[in-house]
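*Asks:* Pulled the feature table from TrEMBL, pasting it below:
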type: BINDING; residues: GLY15, PRO16, THR17, ALA18, VAL19, GLY20, LYS21, THR22; note: ATP binding site
type: BINDING; residues: THR17, ALA18, VAL19, GLY20, LYS21, THR22; note: substrate binding site
type: REGION; residues: 39-42; note: region 'Interaction with substrate tRNA'
type: SITE; residues: THR105; note: site 'Interaction with substrate tRNA'
type: SITE; residues: ARG127; note: site 'Interaction with substrate tRNA'
Amino acid sequence: MNTKKNKIPVILLFGPTAVGKTELLLELFKDRGEVINADSMQVYNRLDIGSAKPTEEYIKLIPHHLISIIEPKEQFSVADFVNRADKLVLDIYNRGKIPVISGGTAFYFKNFIFGLPELPSIDKEIRAGIQLKLEKEGISGLYNELFKVDPQGAKSINSGDTYRVTRALEVFTQTKRSILSYQVSKSPRDNYDFLIIGLTRPRDELYSRINRRVDIMFKEGLLEEFIGLYNSGLTPGDPGMKGIGYSEFFNYMLSGCWLLEDLKEDIRRNSRRYAKRQITFFNSFADVKWVNPDNKEELVRLVNEFL
């Protein structure tokens, strides 16, 4: 395996949901690569159908990492991803295999490429005080306080994301600066040699694939999977339950509406909207080789030339 100026070669393969990433990995990297999952829902145990997690049989054909590593009640931050991915890349490379990071969570890719922002250390007293406030007022109370002192920072965060809301409030309380003022570097990290491949399809074709995937998920037992998760005590506030394919079930339970076709359409629509946001974010990346997944010859050429 070639290196450039002693840098570790890493292949990043990303694209919107349902574009066809999983199908390609086996064709391109069987027997020579290992995959580091960059999908924020596939890190959770028991979230199999709704996250379109690769099967155990598939993983036996090409090793995957960061799949089913935590419980749905646990947080898994961008920093957790980057720190674990760094260790995995080195391990995979030292064993003579190609490290391939594949998924659709844009912030994972951004922070792996450019590194994490250097946030200030937080005094123990401040951290304990905010944690106490979280226990008393809940995440909504904490988010409202963040919005008062750092409205722009609050707007950049999902109001139900306990980890990020807490972190942003800690930073502001410690420094009186918005968390947005701590920027990620604009230059890629220099310890890696990146091949960045973005998978793309015509919008109407992608949306058709998304709709079809949702239908397949229900046929494979998505409803039964959710019922099992719900009966195990999971709630709408748990990190793993906030993703598309799971949160919609809670919304329908609260509304008292259980028309299955309406539920399916809600998941289809949210998935299409998410894909649109993914495309917008990925288009902001520089040095991306954009390829239609059906163009296997071009993908093989890019990978072989890089290696």
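Residue positions begin at 1 at the first shown residue.
Each residue, glycine too, has its Cβ placed from N, Cα and C.
Unlike curated entries, TrEMBL annotations are predicted automatically.
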*Asks:* Using a Cβ-Cβ cut-off of under 8 Å, list the residues of the same chain that are 6+ residues beyond the ends of the region 'Interaction with substrate tRNA' (39-42) and lie near it.
*Replies:* 50-54, 66-68, 76, 81, 103-105, 108, 240, 243, 245
*Asks:* Among all chains shown, work out which of the binding-site residues GLY15, PRO16, GLY20 has the most CB atoms within 10 A of its CB.
*Replies:* PRO16
*Asks:* Please list, for the region 'Interaction with substrate tRNA' (39-42), how many residues fall into helix, strand and coil according to DSSP.
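*Replies:* Here the numbers are 0 helix, 0 strand, 4 coil.
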*Asks:* Across all protein chains in the structure, which of the recorded positions LYS21, ARG127 has the highest Cβ count within 10 Å?
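*Replies:* Neighbour-count leader: LYS21.
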*Asks:* Can you tell me the three-state DSSP label for THR22 (ATP binding site)?
*Replies:* helix
*Asks:* As a test of the contact definition, list every same-chain residue at least 6 positions from THR105 (site 'Interaction with substrate tRNA') whose Cβ is closer than 8 Å to its Cβ.
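*Replies:* Once residues fewer than 6 apart are set aside, THR105 (site 'Interaction with substrate tRNA') is near ALA38, ASP39, SER40, PHE81.
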*Asks:* Under DSSP, is THR105 (site 'Interaction with substrate tRNA') helix, strand or coil?
*Replies:* coil
*Asks:* Going by DSSP, give the three-state secondary structure for ARG127 (site 'Interaction with substrate tRNA').
*Replies:* helix
*Asks:* For THR22 (ATP binding site), which residues in the same chain are close in space, meaning a Cβ under 8 Å from its Cβ, but six or more apart along the sequence?
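*Replies:* Set apart from THR22 (ATP binding site) by at least 6 residues yet with Cβ under 8 Å, we have ALA52, PRO54, TYR58.
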